Amino acid sequence: MSKKDNQDQDDAARAVGALGGLVIITGFIAAIKDWLGLGWPATVMLIVGVLLALGYGIWKAKGLIRRLMAGDTRSPAPPSQETAVEPAGAPALDVAVHPELTEALVRTGAIARDEVIPLHDVHAQEIPGYGIRYTFLLPKGRTHEEVSKRLGPIASMLGVTRLHLKVEASRRNEREVTIVKLDEPPFSRIFEPPTRKEIKAYKGLALGHEVTGELCGITSLEKTSILVAGMTQTGKTTLINGFITCLLIAYGDEYDLVLLDGKFIGLAPFARIALRYQASDDPAVLEEILDELLAIVHKRYEERKKARLERKPEPKFRPIVFIVDEAADFYADNGAKGRKEAVARVEEKSRQLVSKSLESGVSVIMMTQRPDKDAIPVNVRAQFQCRVCLYVDSEGAAKVALGDSYFTTRSPIHPALLNPEIQGQAVLFARGQSTLIRGFNFPETFMWEVIDETYERRKNRLIAAPESPRKKAIDLMRARQVDFMTTADLAEALNVVEANPIAVGKTVSKLLGVAPHKRSGGVRGYRLADLTAAAMSDS
Ligand SMILES: Nc1ncnc2c1ncn2[C@@H]1O[C@H](COP(=O)(O)OP(=O)(O)OP(=O)(O)O)[C@@H](O)[C@H]1O
């Protein structure tokens with residue numbers, strides 16, 4: 001028998017079956033009609049009505065049994081305007097629900113279709129001029145993670161963008177979530193830079209404003225290194241200048257700055273108060289500074305070890321902040337002779353410094369406008385625990401800046417969504433948490449004022465400092481009005497008499513407590529700036 005013959009027989013059997021069913025139903029209705037003595041239309045309507053009522057009764061009974069099994073003995077809430085708006089897809093439970101939140105969470109899968117956000121579990125608070133803050137409880141068994149990882153779709157349900165939303169988890173309860181919904185895109189209005197009082201009152205070191213205007217930053221620089229990335233002209237240098245200004249206001253003389261200005265101008269305002277300031281993009285200069293800092297780290301490590309062995313308290317070290325502007329240039333092999341080897345050396349030494357320095361009070365901040373894979377070697381950038389990413393135009397660049405696994409973290413913010421027209425906007429990613437901030441843009445006069453005050457304070461400490469070879473060298477250079485003296489001249493002035501020039505160099509360097517500087521032409525000596533910076537930070 002062919003396939004077609006089989007098909008024809010199946011169709012015929014189905015038609016006969018349907019006819020049989022129709023005859024039985026008609027017979028059944030006719031029997032009821034005769035029994036009740038009604039006409040045909042009335043009998044059909046009566047049967048349909050009975051079936052609908054039965055369906056409703058079964059659905060009601062099911063809801064009651066489910067509530068009793070869940071241990072919910074609350075009496076149904078009084079009907080309110082809120083219950084009138086049923087979230088799409090959610091069953092009508094006898095509790096007043098928050099329609100907007102319930103619908104957004106159900107539709108995005110943060111809660112199930114038969115779950116709701118009861119109105120009595122929502123606290124909505126107006127933030128004048130900004131938007132609204134909802135603090136609410138998720139249904140039992142749900143956690144804030146369900147909301148955090150769906151912020152994009154939730155924003156879409158609430159009729160805004162991801163950047164309009166800020167989510168906070170509770171420290172008290174897994175089910176408690178706070179969502180701030182902004183009326184306008186973030187940073188549509190300009191925030192005034194913070195005052196000295198506000199900076200000092202902030203618990204930690206402020207990096208910028210949050211979307212609602214509060215200060216935001218890092219808890220402390222101790223054990224923190226920061227990678228700042230963003231495309232050109234997005235506001236990296238301004239953000240870090242603001243950060244240094246806050247550091248000087250909040251901690252005054254408690255920190256030393258070592259600045260390597262790869263952009264030749266970005267960090268220049270702070271040159272006068274830095275322990276060391278250099279404007280260069282030469283890997284050899286970075287290597288020299290890395291050697292100096294690694295020596296300090298090593299020395300401090302030995303001191304800590306000794307204290308441990310002798311069961312003495314952990315020694316306190318004066319913190320050093322090493323900031324490199326436009327770091328990528330130092331790791332670029334431009335094909336020049338010896339460059340490849342120099343780059344390989346600075347790469348390894350940078351990795352060592354960033355990974356080992358924190359315990360010894362040396363923090364590293366690197367900035368780059370080229371967040372591409374090879375710009376800052378992965379084994380160096382992987383060491384930064386705190387990341388700041390300004391506008392970048394791709395996911396790849398965002399991953400370089402914020403880490404490869406950034407988009408699997410809780411509530412990530414895609415930096416490509418930031419408005420590049422609003423400079424200084426950045427995603428601050430620290431301790432697994434993302435916060436949208438905008439760096440401070442202090443007026444130059446304010447920054448200069450803070451720098452000059454710091455300089456005066458340090459100078460006064462220097463004047464009051466006891467006589468030392470370094471102080472003598474500084475006085476001599478100032479008297480002669482020179483900014484550099486050779487090792488040989490200083491040896492004479494300090495009465496260093498040794499037969500061997502290498503031994504002379506070592507003794508002078510030890511007396512001055514500063515590494516010598518090599519001028520073009522290979523002449524070794526000491527710069528007034530390095531000596532004063534070292535004296536200011538010591539005294
Ligand atoms: N928070 C801010 N508020 C207002 N303007 C800002 C802010 N941050 C930066 N700008 C402005 O944006 C411009 C670029 O800033 P900046 O030089 O800091 O960017 P950058 O990322 O370091 O640039 P590049 O990498 O090209 O050197 C400057 O004109 C600066 O005044």
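Quick reminder: no glycine exception, Cβ is built from N, Cα and C everywhere.
TrEMBL: automatically predicted annotations, no manual curation.
Remember, it's a predicted structure, so these values are computed and weren't measured experimentally.
Taken from TrEMBL as is:
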TRANSMEM  12-32  transmembrane segment
TRANSMEM  38-59  transmembrane segment
DOMAIN    208-399  domain 'FtsK'
BINDING   G230, M231, T232, Q233, T234, G235, K236, T237  ATP binding site
Query raised in the report: When you scan the chain for residues with a C-beta under 8 Å from the transmembrane segment (38-59), skipping those not six or more beyond its ends, what do you find?
Result: 29, 32
Query raised in the report: Across the domain 'FtsK' (208-399), what does the pLDDT come to on average, as a whole number?
Result: 91
Report task. Could you check which of the binding-site residues M231, Q233, K236 have their CB within less than 6 A of ligand 1? Result -> Q233, K236
Report summary line: Residues sitting within 8 A of the centre of the G230, M231, T232, Q233, T234, G235, K236, T237 CB atoms (ATP site), not counting those, run Q369, L390, Y391, Q423
Query raised in the report: Which of the three DSSP states, helix, strand or coil, fits G235 (ATP binding site)?
Result: coil
Query raised in the report: Counting every protein chain present, what is the number of Cβ atoms, excluding its own, within 10 Å of the Cβ of T232 (ATP binding site)?
Result: 9
Report summary line: So K236 (ATP binding site), by the Cβ count within 10 Å over all chains shown, scores 27
Query raised in the report: Hey, does DSSP put G230 (ATP binding site) in a helix, a strand, or just coil?
Result: coil
Query raised in the report: Counting all other Cβ atoms within 10 Å across every protein chain shown, which of the binding-site residues Q233, T234, T237 scores highest?
Result: T234
Query raised in the report: In the structure shown, which of the binding-site residues G230, G235 has the fewest Cβ neighbours within 10 Å?
Result: G235
Report summary line: Across every protein chain in view, the count of C-beta atoms other than its own within 10 A of the C-beta of M231 (ATP binding site) is 17
